[in-house]
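Features as listed in Swiss-Prot:
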BINDING   Gly164, Arg165, Ser166, Ser193, Ile234  NADP(+) binding site
Amino acid sequence: MLLLDGKATAAAIRAELKEEVAAGLAAAGRAPGLAVILVGEDPASQVYVRNKERGCEEAGIRSEAFRLPADTTQETLEVLIDELNGRADIDGILLQLPLPKGLNSQRCLERISPRKDVDGFHPENMGRLALGLPGFRPCTPAGVMTLLERYDLSPSGKKAVVVGRSNIVGKPLALMLGAPGKYANATVTVCHSGTPDLAEECRQADFLFVAAGRPCLVTSDMVKPGAVVVDVGIHRTDEGLVGDCKYDDISCIAAAMTPVPGGVGPMTIAQLLINTVISWKGRTGIAG
């Protein structure tokens, strides 16, 4: 079985971005700038933010973290977003989710300028994705597509099944897989809680993407031998970190599969860095 190593792939991308940034520094006059907003003390969110800061440092991107208390008001948060929208040295704004109770995350996401929405969650960027127009793509599904391309695994002309329909992963991933292109162009089925026979749908997949948010939901009897399996889930259990798929069993029959951890997670951050550099190039007018 081919291990789809997101950790190694992401490291290679960071190295490439570092060279890209270094080459454009003189023309741009400054490094790319990413603002990260963290509200509250959620431990998982703090880990994610530290990982993003570390990734920025390795890629030559200047990151600026804004850590706000859990009792921050909606107005205060929106004022900060407005300030960052107006700063010339900030190319991307990332709002770490989830937000504490009482804060409207959708309102905040819509407040971020679409031109600085490097997470790809603004309705304008989601709409542009649906219409096949240029724009920032949500980082997790875009990272998945980048991983497939790096391993030269093309779903073109194949049956792709996406388990999960969230706005963050499932919906945009289905759109990306069904779009024209060498590393897309698949026939896509989206499964969810209303799917009558999930196992049967999964067994039809040449490419199976699982983003259901349920640990070990997909088992080996639900996977076609020789399929490519991408596990987007990650869960902390008594046995350690697991995904939405039973890795040990499925890896025996799949042609290729992502591990958990070390698969999709690092690619999500890599795609965030890619989006930030793209924004920097566009905003500073440098070529490439």
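Note that Cβ sites are derived from N, Cα and C of the backbone, with glycine treated the same way.
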Which one of the binding-site residues (Ser166, Ser193) has its C-beta surrounded by the most other C-beta atoms within 10 angstroms?
Ser166
Maximum Cα-Cα separation (Å), residues Gly164, Arg165, Ser166, Ser193, Ile234 listed as binding NADP(+)
19
Do any residues at least six apart in sequence from Ile234 (NADP(+) binding site), in the same chain, have a Cβ closer than 8 Å to its Cβ, and if so which, in order?
Leu241, Val242, Gly243, Val260, Pro261, Gly265
